[in-house]
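Sequence annotations record features per position, and here Swiss-Prot assigns signal peptide to 1-23. What Swiss-Prot records for N74, N135, N142 is N-linked glycosylation site, and it gives sequence analysis as the kind of evidence. The disulfide bond annotation in Swiss-Prot covers C307-C316, C315-C378, C344-C409, C348-C411 and rests on similarity to another entry.
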Amino acid sequence: MKMYAQRALVLLSLLSFATVSLALSSCTTLDLEHIKKKRVEAIRGQILSKLRLTSPPESVGPAHVPYQILALYNSTRELLEEMEEEKEESCSQENTESEYYAKEIHKFDMIQGLPEHNELGICPKGVTSNVFRFNVSSAEKNSTNLFRAEFRVLRVPNPSSKRSEQRIELFQILRPDEHIAKQRYLSGRNVQTRGSPEWLSFDVTDTVREWLLHRESNLGLEISIHCPCHTFQPNGDILENLHEVLEIKFKGIDSEDDYGRGDLGRLKKQKDLHNPHLILMMLPPHRLESPTLGGQRKKRALDTNYCFRNLEENCCVRPLYIELPTDLGWKWVHEPKGYFANFCSGPCPYLRSADTTHSTVLGLYNTLNPEASASPCCVPQDLEPLTILYYVGRTPKVEQLSNMVVKSCKCS
C-alpha cells in the first residue's frame, strides 16, 4: 500500500512540473540537409513502389510531350485539387490499400449523337437541358478496377443571360419504361451564368461503373434546369407553361443549334480539349490483389496555412521543394519537374502538443522509464496526392500517386 502511495505522489509531482516546464520530445532534431536527403530517398522509394516498379524505366520518352497529353495531365491535377478541397471541407479521410497504389488516368471525350429511346420531350418549348454521351467501352475489361469517375464540363459566360445565377441538376438517363423514371438524379448546384469560365466537376463513379458492367445502360448524362416545365415569379409563385430556358452555356455545345429539350446540338470543335469529358481513375489489377475498404474521421492539425505563416518552433510542417531531375536524377518523369513534398519537424511538448491522452500517459511513463519506448514524435497527419506524367516505351502515362505531399503534422 505504501509503495502505491509513493508512486501516486511521484505522478502528481510530475503533472505539476509539466504545467510549468514542458519536456521536449526525445526525437532527434535533424538538420535540413539530412532531412532532405532522407526525404528524397523516401520519395524515390514511394514512387517506384506505388507504380509497382523495381527500378526506374530506361526509356525517357520524346523530348516534347504532345499538347493533348499535357492537357490530360493538367486536367487531372486540377481535378485532384478540387477533390482534396472537398475532402478537407467534409473532414473525411480515406486510408486504404486502394488509396496507396497509383491510378491510371483515362479521359473520354463527349461524342456526338443521341442514344435511341431516350427522347425526353417533356417540355417541348425552349432549351431546358443538354445531353452528353460517352463511349467508355474500352474500359469495360477493367470495370471492377474503377476507383473514381468524374464528369467535367467547362461553363462559359453567357452575356445575353437574363439572370446571374441558375440552378442545374445532373441526371443519368435511363431506358424508358412505364414503371420507372426516365432519369436518375445525381447532383445539383447553383451556377453563375456570367463571369469567368469555370470547370464544373461531378462525381459519377457509380454511374460509370454501371455503364462498364452493363453497356446497354449507357444512355448518357443530362444537365437540366430545376423544374423545367414551369418558372417562378420573384415572390415565388409558379407560372405554368412559361418555360425557363437553360441560360448556362458549356464549352463544346453549339447552343445556337439547340431547339428542343435534350437536343445535344453539335460540337463546335470535335478535338477541342475543353469539351465535356469523363476522367476515369483506374487501379491496375497487378497493383492491388486483395483490395480492402475502410475510412476514418480526422481532425484539423498543424497545416501549411498555419505553419508557413508563423515561426513555430514546435512540431509543424516545413516546406521542402524536390526537383525530380536534380534530386532524384530522373528524366523519365516529364511532369512535374518538381514539387513541394514538405516534411514534419519540431519538438513535441508533453501535455500541450500531444493529440491524445495516450501521449500524455506515455510521456509520464517514459520519464519513469527513460530506457523504454521513445517520446512522441512530429509526424505527418494529412497528405495529398501527386499527379505525374511519364512514358513506358512510347506510351504516355498520367497517374495519380497518393500521399506524396505533406499538408499537416501532429505529435504521436
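Yeah, the Cβs are placed from backbone N, Cα and C, and that goes for glycine too.
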Cβ neighbours of C315 (disulfide bond) where a neighbour is any other Cβ within 10 Å: 27
Surrounding CB atoms that lie within 10 Å of the CB of N74 (N-linked glycosylation site), all protein chains: 15
C307, C316, C378 screened against C411 (disulfide bond), Cα within 10 Å - retained disulfide-bonded residues: C316, C378
CB contacts for C344 (disulfide bond) [other CB atoms within 10 A, all chains]: 22
